[in-house]
Amino acid sequence: MPRATSERFSRAHQPPIKAKSANSSNAGASGSANNPIFNTERFGQHILKNPLVAQGIVDKANLRPTDKVLEVGPGTGNLTVRILEKAKHVTAVEADPRMAAELTKRVQGKPEQRKLEIMIGDFVKAELPYFDVCISNTPYQISSPLVFRLLSHRPLFRVAILMFQREFAMRLVAQPGTNLWSRLSANVQLYAKVDHIMKVGKNNFRPPPQVESSVVRIVPLDPPPPVKFEEFDGMNRIVFSRRNKIVHANFLAKGVIEMLEQNYRTWCAEKDQIVEDELDMKAKVEQILESTGYSEERAAKMGIDELLKLLSAFHDAGVHFA
């Protein structure tokens, strides 16, 4: 699987903000919605303030005393301190240096300090260490890159407990034939078992987001299926481009046949095979679709098995998507 990409966060500190009083300075440590010390909006973060929800998320991970945990977006550490109580070691990846400093102060001088490593920067581009479990109150803008970065990580982790915007979470667990079944659903479920485990209301955060949140459990399939992500995703880009249209129509969309023909010619060159003199890629694609019986199917109703069979049929004919 490819390494996901996301916009790089700037590590530069903002101009210092003078506190109006000692009380306002302390408010930063508690994550006050009006305190500008932590620019949560800039990084898409919302601090989880409900201790019961935080504890529930950690409990769902079923941590072992030997576990090494990767936490993404620790913020001020409301989840981190609970993870440290149960795990052997925690690597926390935080984009905001000021939040990282706050988390450092929170464990300074305590036994937990030796168990915590903080990485400052963009999670998607960071060099990740070995970890058994991932726990994240995920910044909205890296939701999709985070999922695919985790699924592409080797060696495989045991489980991930991740909080997302509710709609994104429901797309992860959606099933074929439902309104939210999508390219995202298929791509993730090819490589992992995903379960919805908890709803989290917006008032459990500071500042409260515009939408509700949910927590999902992701367990990667071990061993992973021998399918190149680039190929599966490349085909799904076409199939799900208009999920309620028949598959045949999506493959006849502008530019698709030309792209597949170019890929086919490249594949033939790599395999030292001669390209047909009168190559008709449109007819070739239509023949493949007819042979599978999926020509008149709609992506909205095609499950993982059907998509894999379709991909296999294209590969058997030398047609590739990446």
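The backbone N, Cα and C atoms fix where each Cβ goes, and this holds for glycine too.
Straight from TrEMBL, the features:
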| type | residues | note |
| --- | --- | --- |
| COMPBIAS | 1-10 | compositional bias 'Basic and acidic residues' |
| REGION | 1-36 | region 'Disordered' |
| COMPBIAS | 18-35 | compositional bias 'Low complexity' |
| BINDING | HIS46, LEU48, GLY73, GLU94, ASP122, ASN137 | S-adenosyl-L-methionine binding site |
| DOMAIN | 53-222 | domain 'Ribosomal RNA adenine methylase transferase N-terminal' |
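Local packing around the binding-site residues HIS46, LEU48, GLU94, ASP122, ASN137 was summarised as the count of other Cβ atoms within 10 Å of each Cβ; on this measure the leading residue is GLU94. GLY73 (S-adenosyl-L-methionine binding site) has a Cβ environment of 26 other Cβ atoms inside 10 Å. Per the record's binding annotation for S-adenosyl-L-methionine, residues HIS46, LEU48, GLY73, GLU94, ASP122, ASN137 show a top Cα-Cα distance of 20 Å.
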